[in-house]
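What follows is one structure encoded as structure tokens, with my remarks underneath.
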Amino acid sequence: MKKTVLLSRSSESSTETLEPPPSSASLIGENDEYVDPLKHPSLSLLTQPQADNRPHIRVLHGGKPKFVQSERSAAFRTQFFPEATEMQWNDWHWQIRNRVRDVQTLANILDLSTEEQAALAAHRGSLPLSITPYYLSLLDRIDPQHPVRRSVVPVTAEFRIAPEESGDPLGEEHTSPVPGLVHRYPDRVLFLVTDFCSTYCRYCTRSRMVGDAKSHSCDRQQWEQAIAYIEAHPVIRDVLISGGDPLTLSDDRLEWLLSRLRRIPHVELLRIGTKVPVVLPQRITPALTRMLKRYHPLWVSIHFTHPEELTPETAQACNRLADAGIPMGSQTVLLAGVNDQVDTMKRLMHGLLKIRVRPYYLYQCDPISGSGHFRTPVEKGLEIIQGLRGHTTGYAIPTYVIDAPGGGGKIPLLPEYVVGRDGQDLVLRNYEGNTYRYPAYHQSSCQGGNLS
Ligand SMILES: *Cc1c(COP(=O)(O)O)cnc(C)c1O
Ligand code: SF4
């Protein structure tokens, strides 16, 4: 006789489609407590067949580690996480469970400045401290001005709120037809599927909501509402899945979402916005990329900040995504004292091309509450673009944009290449600063002058 008890879970859920995700409470609990999705009893999805009915074999840890580890990270692990095996370190669930969220642990690893200590002591509310052990291994332990360190360790300047700053400068809440969905442009939507990130950036545009245990972007009902809206609006041909970080969801929840969106005939393009390959490269497992490639065309935009993030681990993660046929773009926020030098930006962009990521956007830092210490003048961004265009590979040049406060969308900015007109000539400036004339009258005579 069969041991039916062992089979009951899968037989219960042997319906054709995957179950909707459980509510947020089961994945991210009351105190922002991350529950290992593989261990959580509510996730019967693990034993279910996949959407295409192929058996799903989950090999979490093969014989030999499937991840590269830099010497720097290996030395860091031995020093600060001596009980962790290499296999644990390379397991993204371990990285999330052991993310550093309290002053004591951080103070054991970093030589905290008084600014950092004071900020950590006074911090309340959303955008909490959280850094994965892996990303922490990239920080300078002594120097509080280290660019990667500044991007994730709070300082008291965060509490200074200038009059022009606000919690939602892009007016996302006003362009949300249903919670968690922003429909600002005619043919595409931004779908905020979670408010959880493994590591929080101090300049986060969505600091009003991320890491806040009380919000519910991950809520099943909210997902259903957003999907229903997309289904009801055939103009939507592009869905940008963001958050929070969508790649912190389990493979099963993510697959549920992707397969659900793929079934909507008018949705041509799926995009995922993530920082996971940078802060949690261990998440990019062969199983994940095998799953993702079933939902093509799928594009991924990766949030990069500094060339020091281009480690062997991140290169491996990006190469896996590229090998799965996923086109990747980068998004970078221009940050004072972090990446606001032509040379730094050029190294980052060159490094990205080497790992098959095409620089996409360079963002002027949004006037989010408490971000003044990160904001550069707009001239800085223009200077960087000018220092790249013509001087290096065209593919290495992102579009510099300001996301217009109030919800106007992204507005591109270019250095001035048009000097003016001289008679009918257009006077242009090239990347070296030399001027050239373009005989613009040809255009007007072609456009109809010779018809009369
Ligand atoms: C950035 C953004 C998009 C996507 O814009 P693209 O220029 O197509 O990459 C869509 N919706 C919102 C609300 C955005 O902020
Ligand atoms: S990864 Fe993105 S959503 Fe998460 S904290 Fe950083 S900027 Fe915010």
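For all residues, glycine too, the Cβ spot is worked out from N, Cα and C.
Automatic, uncurated: that is what TrEMBL annotation is.
Values in this document were obtained by computation on a predicted structure and should not be read as measured data.
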Of 1-29, 30-58, the range TrEMBL labels region 'Disordered': 1-29
In the three-state DSSP scheme, CYS204 ([4Fe-4S] cluster binding site) belongs to coil
By a 10 A CB contact count over all chains shown, which of the binding-site residues listed here is most packed: CYS197, CYS201, CYS204? CYS197
